[in-house]
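**Q** Pasting the relevant annotations from Swiss-Prot:
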BINDING   ARG79, ARG104, ASP131, PRO132, MET133, LEU134, ALA135, THR136, GLY137, GLY138, SER139, ASP200  5-phospho-alpha-D-ribose 1-diphosphate binding site
BINDING   ILE194, GLY199, ASP200, ALA201  uracil binding site
Amino acid sequence: MGKFQVIDHPLIQHKLTMIREKNCGTKVFREVVNEIAMLMAYEVSRDMPLEDVVIETPMGKSTQKTLSGKKVAIIPILRAGIGMVDGILELIPAAKVGHVGLYRDEETLQPHEYFVKLPEDIASRQLFVVDPMLATGGSAIMAIDSLKERGASNIKFVCLVAVPEGVKALQEAHPDVDIYTAALDERLNEDGYIVPGLGDAGDRLFGTK
């Protein structure tokens, strides 16, 4: 079973409270989502492998550490996942970015794929799949299904808020995928929204209704 981790760093929790507030405007919401994503990426990337290299410092040769192994690709689930990309790129600027477009049927709550655009070397990269919310788990499962069909195998899922039923569904569908969240909330309401949650993260990021 993949790892499940709530990243409860004080700065992340403080910033998450800011964007939970219903009167948080679009500008602040967007900025703080990016900040949380950057802070989370520090923990998500903690197990990236290192190797020794010999470099020349001003004082002579020295053996130091550098990243090795698979390079990173960030895969936002459209559209809300886009809001987390720039924050991670601040920390890992060389990462490539792909996109998986899904929409949720408001009646059945089932996801439907409408767009996929990925780096050509997706199979050789460590993927960070990002979406602010892990609710029913349907969108995350479908996105990861799509990535695996295209050769991806090293996948981490990163969200801001999750609920137990979404975590359980994703773990059952993809037990090899590590899940990282800033908060594990109480439940889903009858409309499939997380409570207390953030509301509709996409609408709040882009100022739409």
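Glycine residues also receive a Cβ, built from the backbone N, Cα and C atoms like all the rest.
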**Q** Taking Cα-Cα distance, which of the binding-site residues ARG79, ASP131, ALA135, SER139 are within 10 Å of ILE194 (uracil binding site)?
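**A** Taking ARG79, ASP131, ALA135, SER139 one by one, the ones whose Cα falls within 10 Å of ILE194 (uracil binding site) are ALA135.
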**Q** I'm trying to understand the geometry here, so how far is the Cα atom of ARG79 (5-phospho-alpha-D-ribose 1-diphosphate binding site) from the Cα atom of ASP200 (uracil binding site), in Å to the nearest whole number?
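**A** Their Cα atoms are separated by 11 Å.
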**Q** Applying the rule Cβ within 8 Å of the centroid of the Cβ atoms of ILE194, GLY199, ASP200, ALA201, what extra residues of the same chain belong around the uracil site?
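**A** Output for this site, in sequence order: PRO132, MET133, TYR193, GLY197, LEU198, GLY202, ASP203, ARG204.
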**Q** Filter the binding-site residues ASP131, ALA135, GLY137, SER139 down to those whose C-alpha lies within 10 angstroms of the C-alpha of ALA201 (uracil binding site); answer none if the list is empty.
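**A** Passing the 10 Å Cα cut: ASP131.
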**Q** Going along the chain, which residues six or more apart from SER139 (5-phospho-alpha-D-ribose 1-diphosphate binding site) have their CB under 8 A from its CB?
**A** ILE77, LEU102, ARG104, PRO111, ASP131
**Q** Can you tell me the CA-to-CA distance separating ASP200 (uracil binding site) and MET133 (5-phospho-alpha-D-ribose 1-diphosphate binding site), as a whole number of Å?
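**A** For ASP200 (uracil binding site) versus MET133 (5-phospho-alpha-D-ribose 1-diphosphate binding site), the Cα atoms are 9 Å apart.
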**Q** Looking only at DSSP and grouping its letters into three states, which state does ASP131 (5-phospho-alpha-D-ribose 1-diphosphate binding site) belong to?
**A** coil
**Q** Please give me the CB contact count at 10 A for ALA135 (5-phospho-alpha-D-ribose 1-diphosphate binding site), counting all chains in the structure.
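**A** ALA135 (5-phospho-alpha-D-ribose 1-diphosphate binding site) is surrounded by 24 other Cβ atoms within 10 Å.
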**Q** Return the count of C-beta atoms lying within 10 angstroms of the C-beta of GLY137 (5-phospho-alpha-D-ribose 1-diphosphate binding site), excluding that atom itself.
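**A** GLY137 (5-phospho-alpha-D-ribose 1-diphosphate binding site) is surrounded by 23 other Cβ atoms within 10 Å.
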**Q** How long is the line from the C-alpha of MET133 (5-phospho-alpha-D-ribose 1-diphosphate binding site) to the C-alpha of GLY199 (uracil binding site), rounded to the nearest angstrom?
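**A** So the Cα of GLY199 (uracil binding site) lies 10 Å away from that of MET133 (5-phospho-alpha-D-ribose 1-diphosphate binding site).
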**Q** Can you give me the Cα-Cα distance between GLY199 (uracil binding site) and GLY137 (5-phospho-alpha-D-ribose 1-diphosphate binding site) in Å, rounded to a whole number?
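**A** Just about 16 Å between their Cα atoms.
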**Q** Select the most exposed residue of ARG79, ILE194, ASP200, where exposure means the fewest other Cβ atoms within 10 Å, treating these as the binding-site residues.
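**A** Minimum Cβ neighbour count within 10 Å, taken over the binding-site residues ARG79, ILE194, ASP200, occurs at ASP200.
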